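Enquirer: Annotations per Swiss-Prot:
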- 24-48: topological domain 'Extracellular' (TOPO_DOM)
- 70-80: topological domain 'Cytoplasmic' (TOPO_DOM)
- 102-137: topological domain 'Extracellular' (TOPO_DOM)
- 159-167: topological domain 'Cytoplasmic' (TOPO_DOM)
- 3-23: transmembrane segment (TRANSMEM)
- 49-69: transmembrane segment (TRANSMEM)
- 81-101: transmembrane segment (TRANSMEM)
- 138-158: transmembrane segment (TRANSMEM)
């Protein structure tokens, strides 16, 4: 059972680290109409939200991995039920928040790629920001995959919670 609990946490940690790293390196410089500008991930609130949640998930998953490997989850400062309940609540919260951040960033990427008829021009094509847009989309995809792993961890911690006697 321990391996089953560890695998999704490893997946969540690795993919959130990849999503964070790719998004943090997303930026592109363009020249046009006599001026030079740089587009960075930090210009988009949705991408900032995505980075913040992926960093939080990476730290949380890494701490959970260390505690699972060292079997310190039944520590003396808390009852097993309270500990498992806390893990379940954190897993649920992070799963919803990461899925929300990934959805927001996917919307920003979609608007950048295709625009919105008569309102928002397709930034990727208009300013030829192909590298920026491709890296942002890759980071969003990794974040969605990471959310799949934290959702799996949440399901497993819910199952574990149902097996621990309430005290």
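Cβ atoms are placed via backbone N, Cα and C, with glycine included.
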Enquirer: Could you tell me what the rest of the chain brings near the topological domain 'Cytoplasmic' (159-167), counting residues at least six beyond its ends with Cβ under 8 Å?
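Expert: For the topological domain 'Cytoplasmic' (159-167), the nonlocal Cβ contacts are 5, 79-81, 84-85, 87-88.
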Enquirer: Where else in the chain does the topological domain 'Extracellular' (24-48) make close Cβ contacts, counting only residues six or more beyond its ends and a cut-off under 8 Å?
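Expert: Here the qualifying positions are 101, 104-105, 107-108, 123, 127-129, 131-132, 135-136, 139.
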Enquirer: Restricting to the topological domain 'Cytoplasmic' (159-167), report the mean pLDDT as a whole number.
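Expert: Taking every residue of the topological domain 'Cytoplasmic' (159-167) together, the mean pLDDT is 89.
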Enquirer: Could you tell me what the rest of the chain brings near the topological domain 'Extracellular' (102-137), counting residues at least six beyond its ends with Cβ under 8 Å?
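Expert: Sequence-remote neighbours of the topological domain 'Extracellular' (102-137) are 22-23, 25-28, 30, 32, 39, 41, 44, 46-47, 49-50, 143-144, 147.
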Enquirer: Do you know the DSSP helix, strand and coil residue counts for the topological domain 'Extracellular' (24-48)?
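Expert: Across the topological domain 'Extracellular' (24-48), the residues distribute as 8 helix, 12 strand, 5 coil.
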